[in-house]
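Novice: Got a structure for you, questions after.
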Amino acid sequence: MPAGGGLWRGPRGHRPGHHGGAGLGRLWPAPHHAAAARGAVALALLLLALAAAPPCGAAAVTRAASASPTPGTGATPNDVSAEASLEEIEAFSPGPSEAPDGEYGDLDARTAVRAAATERDRFYVCPPPSGSTVVRLEPEQACPEYSQGRNFTEGIAVLFKENIAPHKFKAHIYYKNVIVTTVWSGSTYAAITNRFTDRVPVPVQEITDVIDRRGKCVSKAEYVRNNHKVTAFDRDENPVEVDLRPSRLNALGTRGWHTTNDTYTKIGAAGFYHTGTSVNCIVEEVEARSVYPYDSFALSTGDIVYMSPFYGLREGAHGEHIGYAPGRFQQVEHYYPIDLDSRLRASESVTRNFLRTPHFTVAWDWAPKTRRVCSLAKWREAEEMTRDETRDGSFRFTSRALGASFVSDVTQLDLQRVHLGDCVLREASEAIDAIYRRRYNSTHVLAGDRPEVYLARGGFVVAFRPLISNELAQLYARELERLGLAGVVGPAAPAAARRARRSPGPAGTPEPPAVNGTGHLRITTGSAEFARLQFTYDHIQAHVNDMLGRIAAAWCELQNKDRTLWSEMSRLNPSAVATAALGQRVSARMLGDVMAISRCVEVRGGVYVQNSMRVPGERGTCYSRPLVTFEHNGTGVIEGQLGDDNELLISRDLIEPCTGNHRRYFKLGSGYVYYEDYNYVRMVEVPETISTRVTLNLTLLEDREFLPLEVYTREELADTGLLDYSEIQRRNQLHALKFYDIDRVVKVDHNVVLLRGIANFFQGLGDVGAAVGKVVLGATGAVISAVGGMVSFLSNPFGALAIGLLVLAGLVAAFLAYRHISRLRRNPMKALYPVTTKTLKEDGVDEGDVDEAKLDQARDMIRYMSIVSALEQQEHKARKKNSGPALLASRVGAMATRRRHYQRLESEDPDAL
């Protein structure tokens, strides 16, 4: 080692530590990763270094710079005090320094720290552990003996699992929605006092003869309630066939048809209760589902049918469960349904089941159970599956693509004992044949005539079909030709021979056929070439398996030994041990036999290191770690010290007596910051140090990610129930929108209702009553129209304004007339001759100017004018009295007096004057 010492660094990302007094010792790493082998090697090197490393010199010599700059020529000037020369530097800008080697003295600390910071080297704040979270070292465990696999067989496999998914099929439900509404009719309003809704089934004959033949439905519903047969008519009218129209809205996977959008409500004469009936024929195509043991099925409407969907009248299906009377079920062969949207008949016939329940009729296509359902479901296909026989007498199936192994007995599974397991061989053969044609058709041959089925642990069923390479198959063929058995055993001989040699015959399988009646056929290999090839293959296989078994056992023993090292190191530096074990930055302290930990928080704000490590105001006292300031989560500037491995301490308690010839290197970011005599000098890059990493030159295996191997997906688990309640709620909320128009408002005209009632009354009187009714209805209609016109005119704002103005004008005229009459009564002369009376009033009247004779004449004239007015009134009364009936009576009386020779007397006496 050179006299100046050497700057040693541990592997990248490891926690450094220092050894020695005033001189600079070696910086050795503590474990950082969780890998047990790497941790053990690092700990062993650390213990050896601490025990055997000699002390180094005080000077740190690097490969890049020949000499260190003197204090005062670096970042801090001599003529500035320690407090004034605190140059805060930021350590977050990545990228190496652009300054050449040897010129670090001309750079400030800010530039050097920026050049050292990288993305991987971040700063952390570690709170002290409180003990709420503890970690224990795993105790030693007994190492298992890994059995070696032997007799490997390559092939293609298909994995099956238990089928938890329900059996789904399409079904049609037919029902008539009967709504009976009772309404109280008022003079200007209508109120619903009762509403009764019921679903009634559609007869099967109507479905087959009307709905599935002409796309129509009868507007009449006949059903049984309270053990009585009742009938309902749509709109209380005679039944007719109504076209089925598509529903307004449909949920996903469902369709619907109905006959009407409206609910009939009868609004009759005012003051009475009226009842109206609405019959809406509805056909819905829904999803039905049934779960094992398939003794009932549920519809997406929420209805449950208590019978097996596989119940039928042929092929033994009558043994399935049914919970209804036989008369409610009907099966129709060669049935041709129609598409209610296009009105097209199906091209192929089906066997359709019909079941009439108290509230609906359900129909679905029947098929045997064995063709529709299976108790096992295909899970995964393994194009490369390896089967090996373990020493405990079991088969181990390993799939590299799946990253999983399945262990089973050597005895094949008898699928006849598996209920509804006929699909396994069929689906497995189809999948294996497809994989073989796509991948192995030119390089391998299939062994056997069908897949071998095994029950693996965990309830999985493995359908395995061995593969033989073409070269090996040719060797088998040559051996058979040599023995003269090629024509006896046929093309399946290579697979049989390979199975007979490599694995014992499974229990319960049929014995091989006898040859010439002398015993069982036993095929052996006699070719030396084949034997050598087989021996070489078996030898290499056994050697590799034995080596892998030893490595596995040694790995387990190494884990137990590493536990002792971890336990001892946890007493020296629990934080480093916990960080390496957990794989994330934590702070730890021992609590007896366990470690209390707290997670370190990454500092995302700026981190600044100060140039001086001397304590201001205290001579002879210095800080043992550099001073830093940083920001964290917007809390402002925090003052602290730089801890080990980029840890930021929130206190400044680490002090020591100042010593001469002080030289220290501290980890900062991805490099090291160098202090001399407690002053910053420069930044030391990682490439300038000597690495203690011992590189192991090996070719590693390819990286492999282990992902969760889901047996049942979330969708499969959510779809296991008999009822899908979310779908039921969605359907119930959508029912009114599908089959009824909720936006349409029917406005009732009470006049029309009155005329309709009068018309119905006269129509009940026959033809004469109908004729009279037309006349009466015409007159009534005219009156209603006139009144309606007036009401409409008055309801118009302009009409109401005009009427108001006319009324106001009449009131003003009446007031003026009343005032004029009052003036006439009070002072007639003033009212008749206002000018004359006004002049007399202004000029005044002297007694000498009045002519008494003219005054008497004026009085006489006024008196005679009054007499003339009275005579005219009497004459007017007389004429009015003699007009009409009075005049007729006077005329008759005059005729009678004339016949009796009476003469009229003079009404005035000529001698009276």
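Heads up, the Cβ atoms here are built off N, Cα and C, so glycines get one too.
Residues or ranges marked as N-linked glycosylation site by Swiss-Prot: N151, N261, N441, N516, N633, N697. The region 'Disordered' feature in Swiss-Prot is assigned to 1-24, 496-519. Residues or ranges marked as region 'Involved in fusion and/or binding to host membrane' in Swiss-Prot: 183-189, 268-275. Residues or ranges marked as region 'Hydrophobic membrane proximal region' by Swiss-Prot: 742-795, 752-795. For 1-59, the entry in Swiss-Prot reads signal peptide. The topological domain 'Virion surface' annotation in Swiss-Prot covers 60-797 and is backed by sequence analysis. Look at Swiss-Prot and you will find 819-913 tagged as topological domain 'Intravirion'.
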Novice: How would DSSP class N441 (N-linked glycosylation site) in three states?
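Specialist: Going by the DSSP assignment, N441 (N-linked glycosylation site) belongs to neither helix nor strand, so it counts as coil.
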Novice: Give, as a single whole number between 0 and 100, the mean pLDDT over the topological domain 'Intravirion' (819-913).
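Specialist: Taking every residue in the topological domain 'Intravirion' (819-913) and averaging pLDDT yields 67.
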Novice: Round to the nearest Å and give the CA-to-CA distance linking N151 (N-linked glycosylation site) with N261 (N-linked glycosylation site).
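Specialist: So the Cα of N261 (N-linked glycosylation site) lies 74 Å away from that of N151 (N-linked glycosylation site).
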Novice: Do any residues, 6 or more residues outside the region 'Involved in fusion and/or binding to host membrane' (183-189), come within under 8 Å Cβ-to-Cβ of it, and if so which ones?
Specialist: 265-276, 750, 753
Novice: Ranked by the number of other Cβ atoms within 10 Å of their own Cβ, which of the glycosylation sites N151, N633 ranks first?
Specialist: N151
Novice: For the glycosylation sites N261, N441, which Cβ has the most other Cβ atoms within 10 Å, all shown protein chains included?
Specialist: N261
Novice: Any idea what the Cα distance is from N633 (N-linked glycosylation site) over to N441 (N-linked glycosylation site), rounded to a whole Å?
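Specialist: Cα-Cα, rounded: 64 Å.
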Novice: For the region 'Involved in fusion and/or binding to host membrane' (183-189), what are the DSSP-based totals of helix, strand and coil residues?
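Specialist: Its residues fall into 0 helix, 3 strand, 4 coil.
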Novice: Report, in whole Å, the straight Cα-to-Cα distance of N261 (N-linked glycosylation site) from N441 (N-linked glycosylation site).
Specialist: 63
